[in-house]
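The Zn(2+) binding site annotation in Swiss-Prot covers His66, His68, His236, Asp311. According to Swiss-Prot, the Fe(3+) binding site annotation covers His66, His68, His236, Asp311. Per Swiss-Prot, 4-imidazolone-5-propanoate binding site is recorded for Arg75, Tyr138, His171, Gln239, Thr316. Annotation comment: Swiss-Prot describes Tyr138, Asn313, Gly315 as N-formimidoyl-L-glutamate binding site, evidence class sequence analysis.
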Amino acid sequence: MNCVLTEARLVTMQPGVQGYQITEPQTLIIEQGRIQHIGQHIDLPSDAHPISCAGKLVTPGLIDCHTHLVYAGSRANEFELRLQGVPYQTIAAQGGGILSTVNATRKASEEALIELALPRLDGLLRSGVTSVEVKSGYGLTLKDELKMLRAAKALEQHRRVKITTTLLAAHALPPEFQGRSDDYIAHICQEIIPRVAEEQLATSVDVFCESIGFSVAQTERVFHAAQAHGLQIKGHTEQLSNLGGSALTARMGGLSVDHIEYLDEAGVKALAQSSTVATLLPGAFYFLRETQKPPIEWLRQYRVPMAISTDLNPGTSPFADLSLMMNMGCTLFDLTPEETLRAVTCHAAQALGYPANRGQIAEGYDADLAIWNIEHPAELSYQVGVSRLHARIVNGELSYES
């Protein structure tokens, strides 16, 4: 027996059920990293050493399903320039923008990338996160994309957390392929994806499908290559315009479409006819001072599951706090606190391809939990800057975050 929790008020977050589903104080028996038994009256073996939650709320461990937390360099100077009204095109021409992060990341060693990522990861863990998705996309060469993915996977060796890695080589056009985007897509499909699959460095492949990124046709090529190598797909779609990338991703069985500020009703209907999750990224919306909001009412009307994530990255969402994103989901996108908690638990698990073992509290599920010093779950999206986390449990192992 690995762990026993007693007097735990559970917020089970089972999908498809209304409300927080708060239970009376329960006992949880955890064995081999999974929840084996839940009940009010369970006979414990004589050698058990139960941990009393003393009536504290216990939720599923939070899941940050979209991050770029492995990178080198800073974009703080770019932030200042943007506030002064300098256009992004001018910043990029002066060596700034995403390619400045690419240059810094290429120069950094795998070990340096790990050290730089750990403080960002620590911020997420302090907000109750137990699972994190990490994308590549700042290398844009075979060598550097592999380096980023290896660094991301290595984070599990330094912190008690579950890392899911995603290949995002189709994030931007590297300088070496300027004016030859189709050639770069061919390089991704023929060289990068096969190597990533062979070394099992990622479970999914993402594409920035946008007017300043890659076309729908190019995105489809990458998706076909990914699926041919047994990898899942997902898309950065409809952030700046409505190209139809979300509908493509849904039609091809993608895990999630992310950003989606410009998603139209036809795109929402395409999501509703699939199992693809709509991932909202309020941090980027806020940081870029956008005004076009995701179509929340349509997503509700057509019952499309919504996830929320930090989109932690140096250029458009430098935030390492998932509770802040929950608050922004409420204040900027008019979600309810219940919707935001669902968005970082069961729906986020679905967005990563883990709907059957993460994101809710139920027998047989992974023992990834967060124990909170709060009276009601709405407090998680209500107050920002004061940690209410008592402890995390990852694979049945207790961890206290300072």
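Including glycine, each Cβ sits where the backbone N, Cα and C put it.
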Going along the chain, which residues six or more apart from Asp311 (Zn(2+) binding site) have their CB under 8 A from its CB?
His66, Thr67, His68, Asp258, Leu281, Gly283, Ala284, Ser317, Phe319
In this structure, the one of the binding-site residues His68, Arg75, His236 whose CB has the fewest other CB atoms within 10 Å is Arg75
Taking the binding-site residues one at a time (His66, His171), which has its Cβ surrounded by the most other Cβ atoms within 10 Å?
His66
Within 10 A of the CB of Gly315 (N-formimidoyl-L-glutamate binding site), the number of other CB atoms across every chain shown is 22
When you measure from the Cβ of Gln239 (4-imidazolone-5-propanoate binding site), how many other Cβ atoms are you left with inside 10 Å?
27
Please work out the number of neighbouring Cβ atoms within 10 Å of the Cβ of Thr316 (4-imidazolone-5-propanoate binding site), leaving out its own Cβ.
19
Check: min Cα-Cα distance from Gly315 (N-formimidoyl-L-glutamate binding site) over binding-site residues Arg75, Tyr138, His171, His236 goes to Arg75
